[in-house]
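Notes for the one structure printed next.
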Amino acid sequence: MEQALKPSLAEPVANVEDIKEKVKYTKLKNNRLVPYMYLLPCFILFSVFVYFPFAKTIYLSFTLTNRRGETVEFVGMENFLELFTSPSFFNSLLITFKFALLIIIPSMLIGLGLALLAHNKLKYSRAYELMFSMPMAIASAPAAIIWIMIFHPTNGIANAVLHSDIKWLADPKYAIYAVAMVTVWLSIGINFIFLFTGLKSIPEELIESANIDGASYRKKVRYIILPLLTPQLFFVLFMNLVGAFQAFGQIKLLTQGGPGDSTNVLVHSIYRDAFFNGRFEMASAQSMILFVIVFVITMAQFACEKKGVHYK
């Protein structure tokens, strides 16, 4: 009789342990602080490297600083007023817009053309995909070194092909176009990936129906592919626009904003004012203006994206 009762006495103990575990898990699950505890490390990193520098930039834009970036006095809007009356600032802004225009159209057209080519299911299409996306894997610093050799006035490939002696990086007439060419090449890879992914999302039934109706490839691109590709096209457009306004590495390595100020875009002007001229307040004010420009572009992207053609 006692032996028969022993197993039944052990069962409630196990059940009690299970109940304790469930109660502990339920309390942990219902604790509203738990998600924030998981987010805390990321929040600390963002605070140190993003939020605090951004807040400090806003503060410095309204102050006068010494060459070490230490605040001397609060001057309000004087830094912005000085910028808006400065010919060099408007020249940098004009060069930035020109640089953006030189980049956006060629990089999008080349990226779209390569995406259409790879999407045609040609022989070795996988090799094309790898080859076309390669520029994305190369950072701006090594890319700039490669292009410095290409643009070399005496031994460069560019002048050898064109049978000319153009000083691509030393002549104010050509420097902006040379830097834009490098930036277009750097942008092709990411543009190709986004547009090629969009092409693969287009329903095959639509293309097959057009083939049955005898539509030419040009008409399929115009009336089917491009309308259905508008979400990706808008995204790539604004991504390239923001990237053009934030371009720095290739400009610093290729021309350092020169010759003269012919390639002194807004980001390079910020860098020059802060670390060469020691005017951190003016660099901060220009950074705030750049932030407003990028913010407006981003809001325009969200507004245009809602008007695009979407599909399931």
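All residue numbers here begin at 1 and follow the chain in the order shown.
Including glycine, each Cβ sits where the backbone N, Cα and C put it.
Taken from TrEMBL as is:
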- 93-301: domain 'ABC transmembrane type-1' (DOMAIN)
- 33-54: transmembrane segment (TRANSMEM)
- 93-118: transmembrane segment (TRANSMEM)
- 130-154: transmembrane segment (TRANSMEM)
- 174-196: transmembrane segment (TRANSMEM)
- 223-248: transmembrane segment (TRANSMEM)
- 285-304: transmembrane segment (TRANSMEM)
The transmembrane segment (93-118) vs the transmembrane segment (285-304): three or more C-beta pairs under 8 Å (separation of 6 or more)?
no
Same-chain residues near the transmembrane segment (130-154), Cβ under 8 Å, at least 6 residues beyond its ends:
114-115, 118, 165-170, 178, 181-182, 185-190, 192-193, 196, 249-250, 253-254
Non-local residues, at least 6 beyond the ends, that sit with Cβ under 8 Å of the transmembrane segment (285-304):
57-58, 61, 79-80, 82-83, 89, 92, 234-235, 238, 241-242, 245-246, 266-267, 269-270, 273
